[in-house]
Amino acid sequence: MVGNQSWVTEFILVGFQLSAEVEMFLFWIFSLFYIFSLLANGMIFVLIVLDQRLHTPMYFFLSHLAIIDMSYASNNVPKMLANLVNQKRTISFAPCIMQTFLYLGLAATECLILVAMSYDRFVAICHPLQYTVIMSWRACTALVIISWSCGFVLALIHAILLVRLLFCGPLEINHLFCEILSVLKLACVDTWINKVVIFSASVFVLVGPLCLMLVSYIRILWAILNIQSKEGRKKAFSTCSSHLCVVGLFFGIAMVVYMVPESSQREEKEKILSLFHSLFNPMLNPLIYSLRNAQVKDALYRALQMRSM
């Protein structure tokens, strides 16, 4: 095996093994979804920046979530689309490592931003009189900086551990993009350090935050049930249900991919879950927040009115 080891220049992304007609059909469908995702998240970001009524902590975090979703989709989807119409499905070593680094960094950052959003809802509902003091702009900025910093420091650690490995043929990544677990399977050397770090990072950015959010929402639910006004309970449930939908989708898929033990047919299931994570999740997030949020819809209505004047 030592004789086969060499400096890798490129990998082959296997992707879905489908007929040319089906792949062309998926190309157009996924392209529409990708464009819609960029436009929808871009619209939410612009509305939050332009509308003074949305300059609150919740929408400040939501603007960062929109940036992450656009970046996450743009990191993975374009190469996947190119591979659907191109038989030469190669990706160079450096871009592959960069793709892995960016998707890990953005995914970890999104986990932590979602935690910050749940903390914001917890303070707003359980401690409304202290909300402006606790969720000051300094505190919100600090939470965002910590989220981005922790996410990309973890991604950098993964990337450094990945670059040091030796790879040998066949250099076919059985995935839609350079997903870290699929890349590790091609290594000629022991990857136990990488796997331990991946599991530890998953506990840090998935299990830990999810437990904090569950505790927060148990207390939020208790506080909502104690609200006397029916209208007040409805408004509180509305603001929290959108966030819970996003949390359920994101954390559920991530935990299945990175924390469930390996089994038969796992690779094909991971491709579908990763596709949902990269393409559908960024598209659904703005729909969930805009369709279920009166303030975002009002801001869009005001923006359209101003443009028609």
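Using the three backbone atoms N, Cα and C, a Cβ is placed for every residue, glycine included.
Pulled from TrEMBL:
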TRANSMEM  25-50  transmembrane segment
DOMAIN    40-289  domain 'G-protein coupled receptors family 1 profile'
TRANSMEM  57-77  transmembrane segment
TRANSMEM  97-119  transmembrane segment
TRANSMEM  140-167  transmembrane segment
TRANSMEM  196-224  transmembrane segment
TRANSMEM  236-260  transmembrane segment
CB contact flag for the transmembrane segment (57-77) and the transmembrane segment (196-224), at least three pairs under 8 A: no
Sequence-remote partners of the transmembrane segment (25-50) [C-beta within less than 8 Å, at least six residues beyond its ends]: 16, 18, 59-60, 62-63, 66-67, 69-70, 73-74, 77-78, 80-81, 84-85, 279-280, 282-283, 285-287, 289-290, 296, 299-300, 303
Within-chain partners of the transmembrane segment (140-167) [C-beta distance under 8 Å, separation at least 6 from its ends]: 5, 8, 57, 60-61, 64, 97, 100-102, 104-113, 115-116, 119-120, 180, 183-184, 186-189, 191, 193-194, 197-198, 201, 204-205
PLDDT averaged over the residues of the domain 'G-protein coupled receptors family 1 profile' (40-289): 85
